[in-house]
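> There's a structure below that I have some questions on.
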Amino acid sequence: MSVKISNEYAFLIPTCPLVAACLTGLLTFFFSKATRSFRRLCSSFNIFLLIVALFVSIFLLREQFVNYSTEETFLNKEFIWTWIYDKTFCLTVGFLVDSLSLTMAILVTTVGILVMIYSDSYMRYDQGYVRFYAYLSLFTASMSGSVFSPNLIQLYFFWELVGMCSYLLIGFWFTRSSAANACQKAFVTNRIGDFGLLLGILGLYWTTGSFEIFELCDRFIELEKTGFVNFLFANIIIVLLFLGPVAKSAQFPLHVWLPDAMEGPTPISALIHAATMVAAGIFFIARIFKLILSLPLAMSIISWVGGLTALLGATLALFQKDLKKGLAYSTMSQLGYMVSALGIGADRSALFHLITHAYSKALLFLGAGSVIHSLEKIVGYSPNKSQNMFFMGGLRRYMPITGTTFLLGTLSLCGIPPLACFWSKDEIITKLWLSSSYLGLVASGTAALTAFYMFRIHLLTFEGDFRASQSDEIDFNYSPQTNKTITFSFWGKTELMKEPAIGQISQNAASLEFRVKNVLSTYFVDPNQSSQIDSNRVLLKPKESDFFMTIPLIVLAIPTVCIGVLGVDIPETQKELGFTSFFNWFVFSSNIFKEYKITEILFEILLDSIGSFSLSLFGLFLAYITYGQSSNTIKQKQIFKSEFSSEKKIISVLGYFAYYAQSWSLNRGFIDYYYDLFFIRGTMFLSQVFLNFDRHIIDGFVNATGLVSFFSGESIRYGENGRISYYSFTILVGISLLIILLLILVPPFP
């Protein structure tokens, strides 16, 4: 018997996690000691309510399919209650139920449930276990509320609530200074974008007189067509609105908070910084896409911001040492793909890639968390060691489930068919080439870089030899001879040298060659000549994570492999209704291969994608020949010698490129340095100037006035002796002086 749920029950989707967050938070606040004894019950309660929200989302989406198949008008349903009513102003709250909001709700709830199950094991011994679940549920409720918002005021409210939850979760381990600084950086950076978003919302209301999304879009388009709205002003409003997604989705130039946000617990990175929060910006652009589509200038700005962000994120991820930061820059790059696709009008392709990337990247982050969780028992709990890929290696032998699922996520993100991200990313690249050859070139180059750095991450983490066991014999962080920074290397044992300070510029060729030769002689020695390991010391080995951490990995591997095929565009339908192809698959599942010839379409897509697929294979091959032989130190040494000519003292072109690429990557493109130089230090300098002006000029004038009054009063006080004859004489002298002045200054009468 089929279950039918009215769309009016959509309020349960954000309400369920909100109730869980409130109850869990209140219990933690008022009964903190008692809560610890039944904390597993609290986590189960949060998971249960989120499962309820998931089932409601699934049933509502099923109703969308049924009504779509019967050709009923069921695309957008608004359930609105009046909040503020006036003769000239009306503000409502409610829920907008359509295919986009329901698909996003399913994405948020599915990833949220898996992250909560995963966190039960990952955060088991953390003192803030229950508080962590309260934050997770609050974030899920905030994200769900934003996707169902029918007007911009309600959306902005939940948008800010999402930012607050991100602040709380990034700074969850707030006693660690790096985490406290990271959450403040994320909060301040997002406030910049949110301020622009607020100005854009107010500009839209001033122009259209409405906050309702569909209503203001229609009004704005009509006003723009009739010439009532100035062309420049209209584009400024769209750019201001775009500032919100720029900050939330980590687009250039407000991307600087995302890598630092990895200071939070790894499950947070999977939920917030891979699948949901950073996708909120993409969702917002898609929600007001009808409004943006009418302004070509704004569309061009959006597409190029996305394209530059995609390329920038890929270059910054090339030589990262931190596993989570490498994945964070990968997220930034893939979000750039989505924004660029929205900028050229390919909203369906952008949302398609949002879904495939969300599941693939959530799998990668949870896999990274599994690795970190296992490695912490060996190298310690410092992120500089437990997240450092050069303390890893060979983990696939010890962690087969994690290694296999991580490889699937890696290949998916690299664009290898038939995995999920291949279909969506290739669709975006194809449409970018059709729109602009320059954007297509940027997207294709980014695809090759993505394959290189993602396969590099996999090889350094799961292939080769386990390097953490060598940490007692080799100092991974400093050179034992010079204790100087080593800034060029393909390999972990040199790439692990103390990271150069932000803004450090590359040295000359002779200095670089000296350092590389020093590294070769120090680290890449013949294994037969290396020091013997103490036979009494027992080497610890990593172990596979437990059931509650591996099950989410296996579950996420399923959509990573399969969901891409579901989103393939079917040209024969000739309908652009957002997720039209999803409707077709579910509604016509029995005859889909016959009616639309899906096999031929998929084969044609594979043929058309030979170019981008070849670039991905080239990136994989380059990563393999560079990092795939990490266990052979003799070959490592030969690679360096082939790049650095010791006889002619000349560094090869490849050496120059690799050196500057690594310096660019490890220094974050020097963007943080210049932000610090111009904005932070500039602001501090201006603050000091204003402080000195206030202290010496403003306060000096006030203080000088007081001193003059004080000393004047003191001097006059001695003339007040109380004698009437003295006062009379003073008055007589004063009158005489006035008469003399009048006689001198006033001319005589004629």
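Every residue gets a Cβ built from N, Cα and C, even glycine.
Keep in mind the model is a prediction, meaning the values are calculated, not measured.
Straight out of TrEMBL:
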type	residues	note
TRANSMEM	12-31	transmembrane segment
TRANSMEM	43-61	transmembrane segment
DOMAIN	83-133	domain 'NADH-Ubiquinone oxidoreductase (complex I) chain 5 N-terminal'
TRANSMEM	99-118	transmembrane segment
DOMAIN	149-449	domain 'NADH:quinone oxidoreductase/Mrp antiporter transmembrane'
TRANSMEM	155-175	transmembrane segment
TRANSMEM	187-207	transmembrane segment
TRANSMEM	227-247	transmembrane segment
TRANSMEM	268-289	transmembrane segment
TRANSMEM	400-420	transmembrane segment
TRANSMEM	432-455	transmembrane segment
TRANSMEM	547-571	transmembrane segment
TRANSMEM	605-627	transmembrane segment
TRANSMEM	724-746	transmembrane segment
> So are the transmembrane segment (155-175) and the transmembrane segment (268-289) touching or not, going by 3+ C-beta pairs under 8 A with a sequence gap of 6 or more?
yes
> What counts of helix, strand and coil residues does DSSP assign across the domain 'NADH-Ubiquinone oxidoreductase (complex I) chain 5 N-terminal' (83-133)?
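Its residues fall into 29 helix, 11 strand, 11 coil.
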> Tell me whether the transmembrane segment (268-289) sits in contact with the transmembrane segment (99-118), defined here as at least 3 Cβ pairs under 8 Å among residues 6 or more apart in sequence.
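Taking Cβ pairs at least 6 residues apart, the transmembrane segment (99-118) and the transmembrane segment (268-289) are in contact, with 3 or more under 8 Å.
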> What residues in the same chain, six or more past the boundaries of the transmembrane segment (43-61), come closer than 8 Å to it by Cβ-Cβ distance?
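For the transmembrane segment (43-61), the sequence-distant neighbours (Cβ-Cβ under 8 Å, at least 6 residues beyond its ends) are 3-5, 7, 9-10, 12-14, 16-17, 19-21, 23-24, 97, 99, 102-103, 105-106, 109-110, 112-113, 116-117, 119-120, 129-130, 133-134, 136-137, 140, 144.
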> Per-residue pLDDT averaged over the domain 'NADH-Ubiquinone oxidoreductase (complex I) chain 5 N-terminal' (83-133) comes to what?
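Within the domain 'NADH-Ubiquinone oxidoreductase (complex I) chain 5 N-terminal' (83-133), the model's average pLDDT equals 88.
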> Cβ under 8 Å, sequence separation of at least 6 from the ends of the transmembrane segment (605-627): give me the contacting residues as numbers and ranges.
414-417, 422-423, 425-426, 429-430, 444-445, 447-453, 455-456, 459-460, 463-464, 490-491, 568, 639
